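Some features that TrEMBL has for this protein:
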type	residues	note
REGION	359-379	region 'Disordered'
COMPBIAS	361-370	compositional bias 'Polar residues'
DOMAIN	414-491	domain 'Recombination activating protein 2 PHD'
BINDING	Cys419, Cys423, His455, Cys458	Zn(2+) 1 binding site
BINDING	Cys446, His452, Cys478, His481	Zn(2+) 2 binding site
Amino acid sequence: MSLQMVTVSNNIALIQPGFSLMNFDGQVFFFGQKGWPKRSCPTGVFHFDVKHNNLKLKPAVFSKDSCYLPPLRYPATCTFKGGLESERQQYIIHGGKTPNNELSDKMYVMSVVCKNNKKVTFRCTEKDLVGDVPEARYGHSIDVVYSRGKSMGVVFGGRSYIPSAQRTTEKWNTVADCLPHVFLVDFEFGCSTSYILPELQDGLSFHVSIARNDTIYILGGHSLANNIRPANLYRIRVDLPLGSPAVNCTVLPGGISVSSAILTQTNNDEFVIVGGYQLENQKRMVCNIISFEDNKIEIREMETPDWTPDIKHSKIWFGSNMGNGTVFLGIPGDNKQAVSETYYFYMLKCAEDDVNEDQKTFTNSQTSTEDPGDSTPFEDSEEFCFSAEANSFNGDDEFDTYNEDDEEDESVTGYWITCCSTCDVDINTWVPFYSTELNKPAMIYCSHGDGHWVHAQCMDLAERTLIQLSEGSNKYYCNEHVKIARALQTPKQALPLKRPPLKSLHKKGSGKILTPAKKSFLRRLFD
């Protein structure tokens, strides 16, 4: 095992706990970020380009017939062998947290439709589910089993918000374990069926799952109800005959207590578990080898890598599987320094040889994607914040379409402000209000005094009015200053000028009548 530090050359703020990595034929792609993505990459998917221990994020390209894919955090992902040659390898994405901290119950299918030396073009489609649809959740697992020439998706575990009837202002974002039901999902017809297995008594999240043919192994995980990490090892076998599927569960000995561990495959029958937590405040520094032989599973400890002092002393860590026996790890930066990075990143190579491509479709794990925070357990914190850093993508080829002139530095422009006494724009829960908004709220300049910025949504402006004020140079006054501005702009009332009637212009007793030319001259004179 070798551990190397990785330098992120651009957009380091995008890599936050909760991300996922997807490996398409050796090319790794980053998915999921905190906050709304840049408009040059509306799906939050980036090419994870690592060369000479230097990482560069490049926006991915999607086909025109793709659906919108939000940058989800903590989703369940797995690979799936498609029927078409062009869709030989697909990724299934289910659940996760949206940028507004809401949970998703949608299922997406990602596949490659075009690939050349410069870029990879993806297609993303949303799969509609019917039947026993799994509720919105995160921290769960999804795997694909193959039996009798058929395939089926298996969803298990995770966390969800408490029911709406129990949610109060203080407990609005409180989460609970999902019921320990096993869901079988038919990807072809979108049918979902839930199964209750007596061996599964407690809900689990951030566990490790390994799919082998018609069998799934569930290892470790965290139970919120009991606040424990049970050393359980479950074997779930799915039989897919012509009739109804048969699902059974067996409790096996030899499990380990761990949550948020990262699983990577080193060869056809061997996997490595890295990272995770064994207690609320304690990382699990031991690595394990999971080997399969004749449908038997064996778990044993292995020699640990030479962890750096930063990794050893850090209370939290997170990461994801890059494929080919490589794990990407992140730890918080040193806040004691005057200038420090938010996170430091490492690549841990558990195997030098490439993994057989056909075997990549059989592995999946719940990566260490849980939010850090001051609350415990560390991996279970629900802290959410938007990224305040807007860096350019620094592209040097046509794959990069981002222009840094299109974006402003949000760290100094103060878009997240309290603009008035009734301001309800919150950095943690902001949702686009106008169609013109994407990654920051629309603001408008109040001209009163020295001037100040206000949120257009708080001023209750119609979008047409917002666009008109933005295009022109007219002065605008917010709700708090509009009365003052009107008083300044309204002139004092003046008595109207009295015009003497034309009859008074005639001399009394003269008998003379003014000619039309003289009347016109006098009218212009008095006007």
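Here, residue 1 is simply the first one shown, and the rest follow in order.
Every residue, even glycine, has its Cβ placed from backbone N, Cα and C.
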Cβ neighbour count (within 10 Å, all chains shown) around Cys478 (Zn(2+) 2 binding site): 22
Densest Cβ neighbourhood among His452, His455, His481 (binding-site residues), 10 Å radius: His455
Site with most surrounding Cβ atoms, counting all protein chains shown within 10 Å, from the binding-site residues Cys419, Cys423: Cys419
Residue, out of the binding-site residues Cys446, Cys458, whose Cβ gathers the largest set of other Cβ atoms within 10 Å: Cys446
Pairwise CA distance, Cys478 (Zn(2+) 2 binding site) versus Cys419 (Zn(2+) 1 binding site), rounded so that it is a whole Å: 10
Residue from Cys419, Cys423, Cys458 whose C-alpha is spatially nearest that of His452 (Zn(2+) 2 binding site), among the binding-site residues: Cys419
Cα-to-Cα gap, His481 (Zn(2+) 2 binding site) vs Cys423 (Zn(2+) 1 binding site), nearest whole Å: 15
Averaged pLDDT score, the domain 'Recombination activating protein 2 PHD' (414-491): 77
C-alpha spacing of Cys446 (Zn(2+) 2 binding site) relative to Cys423 (Zn(2+) 1 binding site), in angstrom: 15
